[in-house]
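**Q** Questions regarding the structure given below will be posed in turn.
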Amino acid sequence: GADEMCPPGWSSNGVYCYMLFKEPKTWDEAEKFCNKQGKDGHLLSIESKKEEILVDIVVSENIGKMYKIWTGLSERSKEQHCSSRWSDGSFFRSYEIAIRYSECFVLEKQSVFRTWVATPCENTFPFMCKYPVPR
């Protein structure tokens with residue numbers, strides 16, 4: 001199957017490998033950790049509805065219904081005031097976002113409602129890493 005190209009325990013959609021890590025880290029620690037997991041590894045970015053569904057499945061299998069996990073989204077990497085970037089450089093395109101005056105974003109889910117919540121980067125949360133499937 002598609003998972004053969006990712007290490008054991010990692011999930012794949014054929015394009016990326018994904019793994020949820022439950023040990024809480026700060027945003028910076030988590031991003032550095034993800035950088036080491038694979039070539040071009042980063043904190044989770046979600047670039048499509050399909051990817052969002054896969055992430056949902058991986059997270060609910062591991063954490064259950066209520067969760068907050070770090071995403072690769074941070075206000076620090078902003079180039080202009082209206083564009084946020086994921087840590088892997090791709091642009092963030094979603095309207096379900098609650099921007100306050102802090103810098104990093106967790107994905108928070110309560111049953112079916114998914115929201116992006118701005119949270120101080122020093123807080124610690126579980127997180128998901130993602131890197132391209134090795135070719």
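Quick reminder: no glycine exception, Cβ is built from N, Cα and C everywhere.
Here's the feature list from Swiss-Prot:
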{"type": "SIGNAL", "residues": "1-4", "note": "signal peptide"}
{"type": "DISULFID", "residues": "Cys6-Cys17", "note": "disulfide bond"}
{"type": "DOMAIN", "residues": "13-130", "note": "domain 'C-type lectin'"}
{"type": "DISULFID", "residues": "Cys34-Cys129", "note": "disulfide bond"}
{"type": "DISULFID", "residues": "Cys104-Cys121", "note": "disulfide bond"}
**Q** Return only the integer: C-alpha distance in Å from Cys121 (disulfide bond) to Cys6 (disulfide bond).
**A** 29
**Q** Is any of the disulfide-bonded residues Cys34, Cys104, Cys129 within 10 Å of Cys17 (disulfide bond) (Cα-Cα), and if so, which, in sequence order?
**A** Cys129
**Q** Of all the disulfide-bonded residues given, Cys104, Cys121, which has the fewest Cβ neighbours within 10 Å once its own Cβ is left out?
**A** Cys121
**Q** Measuring CA to CA, name the entry from the disulfide-bonded residues Cys34, Cys104, Cys129 that ends up nearest Cys6 (disulfide bond).
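**A** Closest by Cα distance to Cys6 (disulfide bond) among the disulfide-bonded residues Cys34, Cys104, Cys129: Cys129.
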**Q** Indicate the candidate from Cys6, Cys17, Cys34, Cys129 with the smallest number of other Cβ atoms within 10 Å of its Cβ, considering only these disulfide-bonded residues.
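**A** The disulfide-bonded residues Cys6, Cys17, Cys34, Cys129 were compared, and Cys6 has the fewest Cβ atoms within 10 Å.
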**Q** DSSP on Cys34 (disulfide bond), three-state: which is it?
**A** helix
**Q** Per DSSP, Cys6 (disulfide bond) is which: helix, strand or coil?
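**A** Coil, per DSSP.
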**Q** Going by DSSP, give the three-state secondary structure for Cys17 (disulfide bond).
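**A** DSSP assigns Cys17 (disulfide bond) to strand.
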**Q** What whole-number Å value do you get for the CA-CA distance of Cys129 (disulfide bond) and Cys104 (disulfide bond)?
**A** 15
**Q** For the C-alpha pair, I'd like the distance in angstrom between Cys34 (disulfide bond) and Cys104 (disulfide bond), rounded off.
**A** 16
